[in-house]
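What Swiss-Prot says about this one:
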ACT_SITE  Glu60  active site, proton acceptor
ACT_SITE  Lys132  active site, proton donor
ACT_SITE  Cys165  active site, nucleophile
DOMAIN    14-259  domain 'CN hydrolase'
Amino acid sequence: MGSSGSMVKPISGFLTALIQYPVPVVESRADIDKQIQQIIKTIHSTKSGYPGLELIVFPEYSTQGLNTKKWTTEEFLCTVPGPETDLFAEACKESKVYGVFSIMEKNPDGGEPYNTAVIIDPQGEMILKYRKLNPWVPVEPWKAGDLGLPVCDGPGGSKLAVCICHDGMFPEVAREAAYKGANVLIRISGYSTQVSEQWMLTNRSNAWQNLMYTLSVNLAGYDGVFYYFGEGQVCNFDGTTLVQGHRNPWEIVTAEVYPELADQARLGWGLENNIYNLGSRGYVATPGGVKENPYTFVKDLAEGKYKVPWEDEIKVKDGSIYGYPVKKTIHS
């Protein structure tokens, strides 16, 4: 393993490690079990190398891989919580770290499965469960998440939220995390190289627009079809990149994160305090600012009427291009 970034836990804040996990080639349940043991081994070895480590993050699909022929089968799906998260919890407790893990989750109601992330604390408790709000359609078959965007307490005064891969391309997702109090947004991804530039750009913009840190990590390596770019990235709350990984599988990207500085910016900044200014427009001219919503898309989305002007001309609206059956439209 190589590494980029910091080595030592700061006096305030916390030390994080983003693992550029090699893209798993998974053909059977035995392969999944092998990945789980490899992830657990990585937790312990990384903690040994970085004794001050408090938060370790693994990418999307690091547990079950991206075998599109099998990824929705009973053999491949997991329950959350379940035996797999119990094993991760034991490892986090033994190494005294917070851990972020990716699980393709069996739908407990019997419907389509979810793409899920969990955070487990150093006591081995699952403190956050998130289901991907925006699956990467039309490639992914996952059901859109139904748990909102939860926030939990983390190390060093942090308030943590997690988004998954394509979620980070929507500024609304990062804004929702910040609006609910997150000062650190974690993004776990399984992107191939086609969107690496856009991935890095949105990691920075999500940080800047919301005055919060972003910790982002992607799978790395070649699976026989695509190359996954790794490039773990830690962005400061001002949108600058603090640490940037390379395209190496097994690279460990570490950084010192100071959530208190993001909190201070949110309280003390005037110019560019945009997470506040969005709801207090023009407060110099209008005491307290204008509160009314001026945005048509926000109103329409809230009313279930979101529709772009060119919607009737859009060519791809189902998963048939990737072999998924066309399902009847359901209007909620």
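Every residue gets a Cβ built from N, Cα and C, even glycine.
Predicted-model confidence for the domain 'CN hydrolase' (14-259) is 97, expressed as mean pLDDT. Every protein chain shown contributes to the tally, and the Cβ of the residue listed as 'active site, nucleophile' ends up with 27 other Cβ atoms within 10 Å.
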